[in-house]
Amino acid sequence: MFYRVSNMPKDGEEGRWFWIGLLGAELWFGFYWVLTQALRWNQVHRLTFKDRLSQRYEKFLPRVDVFVCTADPTIEPPIMVISTVLSAMAYDYPPEKLAIYLSDDAGSDLTFYALLEASKFAKQWIPYCKKFNVQPRSPAAYFVSKSPPHDGGGQSQTSDFLAIKKLYREMEDRIETATMLGRIPEEARLKHEGFSQWDSYSSKRDHDTILKILIDSKDPCSTDIDGSALPTLVYLAREKRPQHFHNFKAGAMNALIRVSSKISNGQIILNLDCDMYSNDPLAVRDALCFFMDEEKSHDIAFVQFPQCFANVTKNDPYSSFMRVITDVEFHGLDGCGGPLYIGTGCFHRRDTLCGREFNQDSKIEWKKHDDHKRQQSVHELEAEVKTLASCTYEQNTQWGNEMGLKYGCPVEDVITGLSIQCKGWKSAYLNPERKAFLGLAPSTLPQVLVQHKRWSEGDFQILLSKYSPAWYAHGRISLGLQLGYCCYCLWAPNCLATLYYSIIPSLCLLKGISLFPQVHTSISFNYSLC
Ligand SMILES: O=c1ccn([C@@H]2O[C@H](COP(=O)(O)OP(=O)(O)O[C@H]3O[C@H](CO)[C@@H](O)[C@H](O)[C@H]3O)[C@@H](O)[C@H]2O)c(=O)[nH]1
Ligand SMILES: [Mn+2]
C-alpha cells in the first residue's frame, strides 16, 4: 500500500488512473481479507459417538421426515430420483419413525411410476441392505461395482447379490423405457389407482394437487419380505396454476412441511436434492447426536453436512468440491455460531423451520412420549392433506415470510438459515470422513457459470435485503458470523476487483506501463508473498 501510494504517477503522468484503480482493488482485497479471517480464526471439528446415542435414547429416537425435491424428469431422471429415495428409505433407523416425501414440481406421472416401482423394490432392497450392511444404499451407486462383493458373506451373499441386482436391472429397464417413450405402460396405469389423479391433469404448470401415500408405516400389511415394517413413502405434486407464482424449491419445501405435519409430523426434517443420495446409513444418527445432546443441544436448529459429489474427476476442473469452503471455512463458521444452511444434506428441527424463536424453554424433552396419532383412514387423510398443498393456502399467511423457507431469493436456503440464526438459534457443521451425502455437480462450464451466477446474485441480494448480515443481523448473531456471511454476500462485487487485477496489469505490460516494483527490490518480495 505504501509502495502504491508513494510511487503513484503524478497528475498528467502516464498510467496514473491505472495506479488509482489498482490501489482501489488492493484496498478492497485488504478489506476482504479481514472478512475472511473470521472464517479461519476459530475452527471447530466435530465427532459423534453414535453408540452412546443408541444406548441412551434408542427407545426415544424422534420421528424423522426426509424431503426429496425434484422438478424435471428430463434433467433429473426418475431412476436417479428413486435411488436417492431408496437410499433414505434404507437408513439404519426404526422404519416406523422414518417417512420419505418426494416433492415433484413437474407433476410427472413418470416420476410417480418410478416411485411406485421403488416402493415395491424397497421390500427386497431394505432387507438386503440390512442383512449385509450394504453401503452405499443408493442402488444405482451400489451396482456401479458390477461384481458381487468379495468381503466375506459367502455363497448366500453372492446369490442374494445376483438376485437383487437382477431385480434392480429389471426395474431400471421398465423405468428407463417409460422415460424414453414418455409414457407409462397401460397395465401399470390400470393396476394402480394413483394414476387416476392424472386424468384431469393439463400441464406441468396447471394441475390439481396430486398426493399419494404409497407406503403407510402404520399399516400392518406394509412390510418387506422379512415381515419388518417399511418407512412411510409419500408422493406429492403441489397444485400449480399459471396465475399463482410457485416460488421454486422454497414453495415445494413449504408445501412439504405442511403436508408432512399431518401425515408423520417428524420432529426432525432432512432436506435432500434429488441428485444427492445418502452415502452413509448412519447419517441420521450422526445428526441426532447434536439434537439430543443433554448439555448442548437446546439451541441447535440445524445440522449441515457438506455438499460432496460423486461425479467429479480427480482434478476437479470447476472446483465443484469447493474445498476451502468445505474443509476450512465452514469449520470456521461453526466456531462463530454455525454454518450456513446450504439447501441439501441438512437436518432441521421442525419447529425452527416453522419460525420458532429461541428461548430457554426451547429444549425438546426427547424422553417424553410423543406419539403421532391419527384417526382417519389413509384415503381420508390424503383428501384432507391435499388442501395444504393448494396454491391459495398460503394467501394472507406468514408462509414464505416468517414461516417456512423464505420466498423471493435465489438462495432461499441461505436466507432462511440466516433468519433462523437471527432468532437466537445455532447450527452445527458435521464433516465426517465417510461422506454422508453424495450428489452430482454441474459437469459443463455453462452449467457451472449459471449456478455460480445464481449463488453470487442471491447472496448479494441477501446483503441488501431486510435480513442483511451487515445490519439486521448485528447484535443478533456473533460478529464473526456476521463477517462470515458478508464474505459470501460480497462474492459478486469481489469479482470487479478480481477482474480489474487480472486484466489491467497485462494491458499495462503491453503498453509498457510499470505497475509493480522492480524484482530486485525488497518490496517486490512482499508482492510475491501476496
Ligand atoms: O421449482 C423448483 C426448482 C428446483 N427444485 C429442486 O431444488 C433442488 C435444487 O435445485 P437446482 O436447480 O439443482 O439448484 P442447485 O444450484 O444445484 O442447488 C443448490 O443451490 C440451491 C440454492 O441455494 C439449493 O436450494 C440447493 O439445495 C443446492 O444444492 C433440486 O432438487 C430441484 O429439483 C424444486 O423442487 N422446484
Ligand atoms: Mn443441483
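Note: Cβ is positioned from N, Cα and C throughout, glycine not excepted.
Taken verbatim from TrEMBL:
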type	residues	note
TRANSMEM	17-35	transmembrane segment
BINDING	Glu76, Asp105	UDP-alpha-D-glucose binding site
ACT_SITE	Asp105	active site
BINDING	Lys249, Asp273	Mn(2+) binding site
ACT_SITE	Asp413	active site
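Within 10 Å of Asp105 (UDP-alpha-D-glucose binding site), as judged by C-alpha distances, the recorded positions found are Lys249; the full candidate list was Lys249, Asp273, Asp413. Only Asp273, in sequence order, out of the recorded positions Glu76, Asp105, Lys249, Asp273, Asp413 have a CB under 6 Å from ligand 2. For Asp413 (active site), the nearest neighbour among the listed binding-site residues (Glu76, Lys249, Asp273), judged by C-alpha distance, is Lys249. Residues within less than 8 Å, Cβ to Cβ, of Glu76 (UDP-alpha-D-glucose binding site) and separated from it by at least 6 positions along the same chain comprise Thr70, Cys274, Asp275.
Listed in sequence order, the residues of the same chain lying 6 or more apart from Asp273 (Mn(2+) binding site) and placing their CB within less than 8 Å of its CB are Val68, Cys69, Gly343, Thr344, Gly439. Cβ contacts within 10 Å of Asp105 (UDP-alpha-D-glucose binding site), excluding its own Cβ and spanning all protein chains shown: 23. Within the same chain, residues at least 6 positions away in sequence whose Cβ sits under 8 Å from that of Lys249 (Mn(2+) binding site) are Cys69, Ala71, Asp105, Gly343, Leu405, Glu412.
DSSP assigns Asp273 (Mn(2+) binding site) to a strand. According to DSSP, Asp105 (UDP-alpha-D-glucose binding site) sits in a coil region rather than a helix or strand.
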